[in-house]
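Feature annotations, courtesy of TrEMBL:
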REGION    1-21  region 'Disordered'
COMPBIAS  1-11  compositional bias 'Polar residues'
COMPBIAS  12-21  compositional bias 'Basic residues'
DOMAIN    286-458  domain 'DNA primase large subunit C-terminal'
BINDING   294, 373, 390, 430  [4Fe-4S] cluster binding site
REGION    485-518  region 'Disordered'
COMPBIAS  490-500  compositional bias 'Polar residues'
COMPBIAS  503-518  compositional bias 'Acidic residues'
Ligand code: SF4
């Protein structure tokens, strides 16, 4: 791909897109990403760069989900999460002064995700949040010379106030700094318009006079972040307007649309099931102990109505496949339940194809993987008569609270869960549900629970209750008690993108989804 927007010309001239990374020079480890890259890159690299940066932003999100930003625990967690990703590992290294490849990858990957995340208000908000936090973290890790150099390069060279003025304002500056003796004497202060440091003003951490704020050198990050925020917000709006031109290139748009709901963890393919085979007879018992709420809801509805509509059959069927239910056992399970309300012939004619299809035995013979939380939350919301989806996202809050109380979850926990739901943190609500139903009280164990996949929830629960099955491979990176995959609440929870949803489906899926639901 040509970042200079000259794809058509390069195609006409027959130039190869490989080995032609002549990007613009990046002079500092940190960037405001003001100038788009102008080199060339292959489509494969385009996707690799995007995924690498997405992993970094997800790591930033995961660290900030349950820990207070700025605390030592948060800093440590963010550092650990970033080190798990190849790009993140490089981004937080400060000894890469002359590493041009790394800087270019930083630049290009940022611009690719800018394209992917400019499509809706919620996507933009998520992208900005993570990018700003990443920038803050990186800025604070730089040495003071490097920070000054960055400020100079970006025309943010504020003059410190004179010693006389500092002495005159001594009492006020001390009060704003929380009376930290000695600090005010040694630190430089800058006089800036108060509109540049809204966050310090809102936290009452700065002295204000005549529309100006007196900001200590330690708090300069607030000014830098304000500038970066305003630049990024404007740039995202500009990118959105340019997006329709990309539609001319049929290769990029589907890839960009898919990025925002891409799941980057384990795919929970049945072949990799870590708990051994699950038979049809075990499902009822497991549903009570180890299924996440979304799958409990589908299971109960199936038992009650002896039927599930297409969306529910897909979500639940693939989940069961992922926990280790074989095709034969799945067929036995669905047939037993459906045939309480219809004859075997009808089941075989109308429903068995779909089950075999999910196991890759029909149609294109694709080995389908279970849906991640992100996919369940962001696509295909349930309509009347449907039971699929995520209850934390799709159920009325009052109904949800009633359901939780019905499961004997304490009043405090119900309040905690519904509070998360109201603020749009559905996966955190699910993690709190996990804690409440598994009696987890240790804060260290709580912090390690991140729910990203219903099958991950099952696996964590199963292992917690039963211990890993002998002879099965443990999943890597298992924290102290719970094993988790990394993907945050991520993206904008209320987004529904039919087009992207269709992009995820192959022809057989589409045909299957058009089946008459009876
Ligand atoms: Fe299911 Fe994920 Fe929602 Fe939990 S957060 S109920 S696992 S979709």
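Cβ coordinates are placed from backbone N, Cα and C, and glycine is handled just like the others.
Here the structure is a predicted model, which means the values were calculated and not measured.
Here the features listed in TrEMBL are placed on the structure.
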{"residue": "294", "record": "[4Fe-4S] cluster binding site", "DSSP (3 states)": "helix"}
{"residue": "373", "record": "[4Fe-4S] cluster binding site", "DSSP (3 states)": "helix"}
{"residue": "390", "record": "[4Fe-4S] cluster binding site", "DSSP (3 states)": "coil"}
{"residue": "430", "record": "[4Fe-4S] cluster binding site", "DSSP (3 states)": "helix"}
> Relative to the mean position of the Cβ atoms of 294, 373, 390, 430, the recorded [4Fe-4S] cluster site, which additional same-chain residues have Cβ within 8 Å?
Replying inline: 292, 293, 376, 377, 391, 392, 393, 426, 427, 451, 454, 457
> Can you count the other CB atoms that lie within 10 A of the CB of residue 390 ([4Fe-4S] cluster binding site)?
Replying inline: 27
> Across the domain 'DNA primase large subunit C-terminal' (286-458), what is the average pLDDT of the model, as a whole number?
Replying inline: 91
